[in-house]
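Asker: Encoded as structure tokens, here's the structure I'll be asking about.
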Amino acid sequence: MNEKYVVTWDMLQIHARKLAQRLLPAEQWKGIIAVSRGGLVPAGILARELGIRYVDTVCISSYDHDNQRDLKVLKRAEGDGEGFIVIDDLVDTGGTATAIREMYPKAHFVTIFAKPAGRPLVDDYVVDIPQNTWIEQPWDMAVTFVAPLSGK
């Protein structure tokens with residue numbers, strides 16, 4: 001990946017609330033299925049904004065920090081997804097999204113960020129990201145001290 005796109009906590013909340021607005025009215029949803037781990041924080045924000053208390057997870061491993069690898073389903077939520085929002089932070093090449101679509105064909109699949117290769121696989125997203133850009137999520141970063149340029 002050539003470029004980086006840094007996401008702050010504030011940006012993530014703004015984008016997730018924008019997505020929640022599009023998912024109203026909340027009464028149409030039975031619950032939320034968060035794709036672990038990237039979808040966990042966005043799912044919490046959606047659950048709050050939509051007043052949804054039923055939140056489940058599907059646990060799929062496809063990344064090792066910044067490298068994609070083979071998909072492995074560690075845990076799945078029951079059913080075909082009917083009446084559920086499935087949320088992940090990002091749709092990238094579409095590998096995880098394809099597996100999600102197969103598991104939950106009747107779910108409404110949304111992400112905060114979408115790259116061109118994966119866009120056709122989601123029902124809605126908020127932010128377009130170029131394919132060659134790595135997203136640094138706020139839960140993967142920490143604020144650290146940086147010495148002044150003068151060295152004093």
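Along the chain as shown, the residues are counted starting at 1.
Cβ atoms are placed via backbone N, Cα and C, with glycine included.
Straight out of Swiss-Prot:
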BINDING   ARG37, GLY38, ARG69, ASP88, ASP89, LEU90, VAL91, ASP92, THR93, GLY94, GLY95, THR96  5-phospho-alpha-D-ribose 1-diphosphate binding site
BINDING   ARG69, ASP92, THR93, GLY94, GLY95, THR96, TRP134, ILE135  GMP binding site
BINDING   ASP89  Mg(2+) binding site
BINDING   ASP92, ILE135  xanthine binding site
BINDING   ASP92, ILE135  guanine binding site
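Where in this structure would I find these features, and how exposed are they?
Answerer: If you draw a 10 Å sphere around the CB of THR96 (GMP binding site), it holds 25 other CB atoms from the protein chains shown.
Annotation note: GLY95 (5-phospho-alpha-D-ribose 1-diphosphate binding site) sits in a helical segment as assigned by DSSP.
Taking Cβ-Cβ distances under 8 Å and a sequence gap of 6 or more within the same chain, the neighbours of ASP89 (5-phospho-alpha-D-ribose 1-diphosphate binding site) are GLY38, GLY39, VAL41, PRO42, THR111, ILE112, PHE113, ILE135, GLN137.
Around ASP92 (GMP binding site), taking its Cβ as the centre, 24 other Cβ atoms fall within 10 Å, counting all chains.
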Asker: How many other Cβ atoms are found within 10 Å of the Cβ atom of VAL91 (5-phospho-alpha-D-ribose 1-diphosphate binding site), counting all protein chains shown?
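Answerer: VAL91 (5-phospho-alpha-D-ribose 1-diphosphate binding site) is surrounded by 28 other Cβ atoms within 10 Å.
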Asker: Please report the distance from the Cα of ASP92 (GMP binding site) to the Cα of ARG37 (5-phospho-alpha-D-ribose 1-diphosphate binding site), rounded to the nearest angstrom.
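Answerer: Cα-Cα distance, ASP92 (GMP binding site) to ARG37 (5-phospho-alpha-D-ribose 1-diphosphate binding site): 15 Å.
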